Amino acid sequence: MFPLTASFGGIVALCLGLLPSLFIQHVLSLQQAQLVQQSEQLRNFAILNGILAADDKDYTCSASKKCKLGCCGSVDKTTGKGFCGLGPDFCGEGCLSTCNEKSECDPGWGTEWSNASACPLNVCCSKFGFCGTSVDFCGGKTVPSPQCRAGKSADQKLIGYYEGWNLQRPCGTMKAEDIPLGRYTHINFAFALIHPLTFQVAPMDKDTASLYKRVTALKNRQVGLEVWIAIGGWAMNDPGIYRTAFSDMAKSEVKQDLFFESLISFMLRHSFDGVDLDWEYPVAPDRGGIPEDFDNLVNLLARLRKRLNETGRKFGLTITLPASYWYLRGFNIIKIEPYLDWFNIMTYDIHGVWDRNVKSLGPYAFAHTNLTEIQMGLELLWRNNINPGRVVMGLGFYGRSFTMKDPDCMEPGCEFIDGAKGGECTGTPGVLSAHEIVQIIKNGATVKTDEAAAVNIVTWDTNQWVSWDDAHTLKRKLDYANAHCLGGTMVWAIDLDDGTLLEALGSGMSTPKRPVVEELPTMVYDFETPWFNDNFTE
Ligand SMILES: *[C@@H]1O[C@H](CO)[C@@H](O)[C@H](O)[C@H]1NC(C)=O
Ligand SMILES: *[C@@H]1O[C@H](CO)[C@@H](O)[C@H](O)[C@H]1NC(C)=O
Ligand SMILES: *[C@@H]1O[C@H](CO)[C@@H](O)[C@H](O)[C@H]1NC(C)=O
């Protein structure tokens with residue numbers, strides 16, 4: 001569940017000096033500034049969609065030199081040179097080449113010039129026909145967030161993901177029996193997978209599978225605790241045999257049914273209370289997705305909800321959502337909302353080492369849980385009238401880290417060359433657990449709180465940089481969730497903390513800590529699962 005997030009709508013800085021001077025000397029049908037803005041959006045879209053290389057700064061064209069994206073219009077008659085753009089001004093009368101190109105959305109010039117009338121997720125259509133959320137696309141239009149002054153809604157639910165593979169780390173591990181209880185209302189066990197041929201629930205590996213029952217047994221120690229199975233995760237859709245399993249299963253009702261029956265017996269067998277589908281991501285070609293995923297996911301969830309109801313049990317059903325427009329547009333959030341108990345929105349990993357490959361961002365260090373950007377992610381939901389009570393906001397018990405280029409430039413926005421060195425226990429460059437960051441601070445790091453972003457920036461060893469959340473910034477985020485009527489918070493992940501962050505987060509809630517039975521009962525009685533009774537009466 002480490003999504004590669006590409007914040008769309010960032011504008012590529014365009015060097016005005018590169019515009020050919022002949023253009024400036026001639027009076028064209030469009031205002032010069034408009035043409036520049038148009039070119040920027042065209043170029044940004046083309047780069048993000050892999051049509052143009054990032055360093056391709058030429059968007060002039062002629063009868064023989066075709067546009068890589070857009071129509072060759074706005075032509076200077078004396079030189080025969082034009083500019084690439086969309087809509088009637090470029091594709092209509094006077095267009096020189098590639099005149100059938102259509103814009104992403106229709107800013108009002110008519111659907112004959114556009115691929116679609118509106119933008120995905122109700123984001124703004126700029127006057128040049130491109131979709132985005134920044135001021136260049138929306139002008140002065142803003143999105144109102146739900147308001148619940150002095151609200152307490154988010155205190156009702158605290159979901160913790162538990163990494164079933166965490167015991168494979170050399171240190172900083174957490175056995176199932178050591179999961180701190182009393183604060184979490186739900187534990188989501190991460191992960192199980194979908195077998196790419198049989199479409200049955202498949203374990204990640206034997207060791208992870210051996211923990212299912214040990215985690216669900218915690219329900220005996222905290223009344224009302226629910227333990228759900230999370231299926232999927234970021235790595236499942238990496239290149240490999242599992243990559244298209246979600247997509248293939250969603251495409252066929254026969255395969256959906258194979259998955260449903262397997263899932264239900266799996267949940268009954270291991271005493272899970274619900275399922276959280278972490279498909280990362282439908283439709284996204286870079287994640288094994290196809291366009292049909294958009295509708296197939298609606299069908300999958302409608303049918304799964306119905307099938308779960310038929311069991312007569314109260315199985316829960318949720319999915320995780322990315323917080324970026326780039327990936328969220330693959331979800332038909334309006335249509336799927338009614339089938340879900342809630343959405344878990346992954347409002348973390350907003351920045352990381354992958355930014356250097358995102359053409360509109362580049363190798364600049366920013367915090368991965370910036371509240372300003374979290375709000376921008378949530379606004380994608382409010383644009384679509386999603387019920388905030390059905391939205392659970394993600395919090396990170398870990399940091400995203402960088403090795404900075406220049407030890408004299410350690411502020412957010414300074415250049416990085418790589419992830420920071422891997423931690424002693426987590427061992428992966430670019431990420432550090434809360435447990436490890438606490439240790440780094442104890443050893444004498446510099447900690448700065450950025451109040452506007454509600455994050456901490458920790459720097460050490462001259463060029464090491466990590467952003468993370470402590471008790472104070474977690475409280476800021478919890479307050480935000482309450483003030484905007486959200487249904488709860490979730491954390492990735494229980495085992496990355498030594499219990500300190502959880503206690504800090506929980507103690508800031510209006511809900512009291514739930515009573516915990518310390519000793520594990522010697523026998524787990526489960527009279528509802530049929531084959532348990534069978535074994536028992538033998
Ligand atoms: C419009 O649709 C065509 C065909 O699907 C596609 O190739 C093109 O990239 C789209 N253009 C934009 C600007 O979205
Ligand atoms: C499933 O059950 C819930 C709770 O009883 C109900 O609100 C929902 O409409 C049912 N959904 C389907 C698809 O049967
Ligand atoms: C937080 O996000 C805003 C808006 O993108 C940005 O201006 C600011 O620099 C970010 N702060 C940090 C610490 O990343």
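Just so you know, the numbers here start at 1 and follow the chain as drawn.
Quick reminder: no glycine exception, Cβ is built from N, Cα and C everywhere.
Annotated features in TrEMBL:
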- Cys119-Cys131: disulfide bond (DISULFID)
- Cys124-Cys138: disulfide bond (DISULFID)
- 102-150: domain 'Chitin-binding type-1' (DOMAIN)
- 156-512: domain 'GH18' (DOMAIN)
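Rounded to a whole value, the Cα-Cα separation of Cys131 (disulfide bond) and Cys124 (disulfide bond) is 6 Å. Other Cβ atoms within 10 Å of the Cβ of Cys124 (disulfide bond), summed over all protein chains shown, number 23. With helix defined as DSSP H, G or I and strand as E or B, the domain 'Chitin-binding type-1' (102-150) counts 10 helix, 6 strand, 33 coil. The average per-residue pLDDT of the prediction over the domain 'Chitin-binding type-1' (102-150) is 95, rounded to a whole number. Cys119 (disulfide bond) and Cys138 (disulfide bond) are 12 Å apart (CA-CA, integer value). When the disulfide-bonded residues Cys119, Cys131, Cys138 are compared by the number of other C-beta atoms lying within 10 angstroms of their own C-beta, Cys138 comes out lowest.
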